[in-house]
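Each remark here refers to the structure printed beneath this line.
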Amino acid sequence: MKTLLLTLVVVTIVCLDLGNSLICYNTMMQKVTCPEGKDKCEKYAVPVMRGKFYFSYQCTSKCHEGAYDVCCSTDLCNKSSTSG
């Protein structure tokens with residue numbers, strides 16, 4: 001009985017901890033768990049030459065605001081098939 005109770009407590013702690021972690025893509029298109037305080041995923045455009053952009057992907061607390069930028073707050077929402 002004690003083992004069952006301990007198992008339930010451990011499972012509850014693990015589930016609660018995982019529920020608070022946002023997962024985003026980083027610039028290398030790897031999945032990363034965002035640190036505390038970074039509650040959004042973003043894809044933002046960095047101009048590299050006239051009319052061409054490099055897209056950066058990251059966890060953030062405040063998103064960039066541009067015509068090609070994406071800001072979202074669900075797991076893996078900042079993936080894009082668009083290339084600059």
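Using N, Cα and C of the backbone, Cβ positions are placed for all residues, glycine too.
What Swiss-Prot records for CYS24-CYS41 (among others) is disulfide bond, and it gives similarity to another entry as the kind of evidence. Under a cutoff of 8 A between CB atoms, and with a sequence separation of 6+ in the same chain, the neighbours of CYS41 (disulfide bond) are LEU22, CYS24, TYR25, CYS34, TYR57, GLN58, CYS59, THR60, CYS71, CYS72, SER73, THR74, LEU76, CYS77, ASN78.
Feature annotation from Swiss-Prot assigns disulfide bond to CYS34-CYS59 (among others). Around the Cβ of CYS34 (disulfide bond), 20 further Cβ atoms fall within 10 Å across all displayed protein chains. Taken residue by residue with DSSP, CYS34 (disulfide bond) is part of neither helix nor strand, so it is coil.
In the three-state DSSP reading, CYS63 (disulfide bond) counts as coil. Residues or ranges marked as disulfide bond by Swiss-Prot: CYS63-CYS71 (among others).
The disulfide bond annotation in Swiss-Prot covers CYS72-CYS77 (among others) and is backed by similarity to another entry.
If you draw a 10 Å sphere around the CB of ASN78 (N-linked glycosylation site), it holds 26 other CB atoms from the protein chains shown. The N-linked glycosylation site annotation in Swiss-Prot covers ASN78 and is backed by sequence analysis.
Residues or ranges marked as signal peptide in Swiss-Prot (evidence: experimental evidence): 1-21.
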